[in-house]
């Protein structure tokens, strides 16, 4: 399976640097425009299925892609962002101020109601690997979230990419190919050509 792993478009909370997690925040106007640009960019790629996290910001992004292929967006809860417990709704500055141990907690989780990194990583890896087995030989889009995508990349590259290393921008596309026995090859990370190309026209 050839996977196009996409981060959702921009939200108001992205702009405000608020921790979103499982809080269901929709795309803002710019986010909808980003998703539309990505949809047009991928319209000539043969896609066999489009999946998305069940949070609206991911679903809205996926719908902009699926519309060009006459596909229905299939919800996939395993693609959700990490659950951030008490931190959800707080800005980065508020988290730094209120939680002196935030760096350690961000890495490991398990306190303040925050999902552990191991659980997040396992959830996304298992979900996408199951998807790859289901769609062997096909091209599939999966729209997820920055933390989830980075956790997955960290797992499949043994930490060379992903959490603490890679920045995934809104509607950034990461391409991977599933080989066998849980092995993934990374082709491209955080492609944003669709945003640059559209803005220069």
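Glycine too: its Cβ is placed from the backbone N, Cα and C atoms.
Curation does not apply to TrEMBL; its annotations are automatic.
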Hey, TrEMBL has substrate bound by 7, 8, 9, 10, 11, 12, 13, 14, 81, 82, 83, 84. Any idea which of 40, 57, 107, 123 it lists too? 57
Other Cβ atoms within 10 Å is the metric here; tell me which of the recorded positions 7, 8, 57, 82 scores highest. 8
For residue 81 (active site, proton donor/acceptor), identify the closest of the binding-site residues 7, 9, 11, judging by Cα separation. 7
Check each residue in the chain of residue 84 (substrate binding site) that is at least six apart in sequence and keep those whose C-beta is under 8 Å from its C-beta; list them in sequence order. 19, 20, 21, 22, 113, 114, 115
Excluding its own, the Cβ atoms lying within 10 Å of the Cβ of residue 13 (substrate binding site) add up to 19
Within a 10 Å radius of its Cβ, which of these recorded positions (11, 81) has the fewest neighbouring Cβ atoms? 11
Just to confirm: which same-chain residues, 6+ apart in sequence, have a Cβ under 8 Å from the Cβ of residue 9 (substrate binding site)? 27, 30, 31, 32, 33, 34, 35, 38, 57, 60, 61, 170, 171
